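Peer 1: The following block contains the structure, expressed as structure tokens.
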Amino acid sequence: MIKQRTLKRIVQATGVGLHTGKKVTLTMRPAPANTGVIYRRTDLNPPVDFPADAKSVRDTMLCTCLVNEHDVRISTVEHLNAALAGLGIDNIVIDVDAPEIPIMDGSASPFVYLLLDAGIEELNCAKKFVRIKQSVRVEDGDKWAEMKPFNGFSLDFTIDFNHPAIDAGNQRYRLDFSADAFVRQISRARTFGFMRDIEYLQSRGLCLGGSMDCAIVVDDYRVLNEDGLRFEDEFVRHKMLDAIGDLFMCGHNIIGAFSAFKSGHALNNKLLQAVLANQEAWEYVTFEDEAEMPLAFKAPSIVLA
């Protein structure tokens with residue numbers, strides 16, 4: 001049986017909030033089978049839980065938020081959610097003593113290291129996947145995102161930025177997903193932004209934690225970070241990272257083929273909701289025998305070592 005995963009032990013880290021610029025303590029805890037992914041704000045009394053749920057997602061200019069029925073929100077969940085998807089973690093409680101998850105270095109890599117440091121525990125309960133049965137496509141102007149049946153998990157993402165720092169040949173990225181591929185090829189890709197946008201937001205008291213420590217920053221001509229890029233195509237790889245996190249908001253790894261052109265958090269979420277709303281388009285599946293499971297989700301050495 002392919003089993004659900006959680007952490008072996010509690011792990012904690014501190015970072016800076018992108019919005020407030022203040023220190024945030026992040027604590028990730030093991031959870032029993034069928035708990036799902038739960039984000040929890042412990043700065044509120046009583047603490048407020050935000051289960052990962054496609055319908056609770058709100059896209060702001062700066063990040064992805066989860067918002068409950070009382071309009072309470074937790075912000076900047078997308079990169080941690082991508083790390084959970086990448087390592088196939090089904091059950092976890094994530095505490096923060098702030099309104100947001102810390103931004104860390106702007107990628108999913110610090111979260112991957114924390115999760116691997118905590119260790120991955122298999123639970124004696126079958127892991128549920130969402131298997132795509134019919135193609136579903138959403139559009140917004142010239143932007144689109146699509147999910148098709150496929151026995152695995154593949155991603156094909158194209159961006160379209162007319163900017164001297166972003167080479168025209170580095171605007172498409174394809175990935176046959178596995179935990180190893182995610183960690184090595186996707187998790188280290190950082191978010192990016194324009195210096196003028198960051199300066200404008202900070203002048204309005206927003207994005208106070210934004211800096212070159214947690215993003216690729218560009219002006220009209222070049223990348224301003226002293227160390228440059230981690231990959232030639234880091235921009236499109238980060239957009240794929242975002243999509244992996246966005247699609248995991250259903251709480252389950254997806255068996256299907258995702259492709260997108262100029263998509264972002266809002267359109268990715270619109271696609272996920274469109275899939276889930278069409279009961280003919282998907283089904284839950286479990287695997288009694290590992291040999292039946294798509295190679296994409298086989299537990300790699302780095303995860304269960």
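Cβ coordinates are placed from backbone N, Cα and C, and glycine is handled just like the others.
Summarising the annotation, Swiss-Prot assigns Zn(2+) binding site to His79, His238, Asp242 and lists sequence analysis as the type of evidence. The active site, proton donor annotation in Swiss-Prot covers His265.
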Peer 1: Work out how many Å separate His79 (Zn(2+) binding site) and the residue listed as 'active site, proton donor' at their Cα atoms, rounded off.
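Peer 2: Cα to Cα, His79 (Zn(2+) binding site) and the residue listed as 'active site, proton donor' are separated by 11 Å.
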Peer 1: At the Cα level, what's the spacing in Å between His238 (Zn(2+) binding site) and the residue listed as 'active site, proton donor', rounded?
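Peer 2: Between the Cα atoms of His238 (Zn(2+) binding site) and the residue listed as 'active site, proton donor', the distance comes to 12 Å.
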Peer 1: Just going by other Cβ atoms within 10 Å, which of the recorded positions His79, His238, His265 has the emptiest spot?
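Peer 2: With the recorded positions His79, His238, His265, fewest surrounding Cβ atoms within 10 Å: His265.
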Peer 1: Using C-alpha atoms only, work out the spacing between Asp242 (Zn(2+) binding site) and His265 (active site, proton donor) and round it to an integer in Å.
Peer 2: 7
Peer 1: Quick one: which residues besides His79, His238, Asp242 have a Cβ within 8 Å of the Zn(2+) site's Cβ centroid, in sequence order?
Peer 2: Glu78, Ala82, Gly106, Ser107, Ala108, Ala189, Arg190, Thr191, Lys239, Met240, Leu241, Gly245
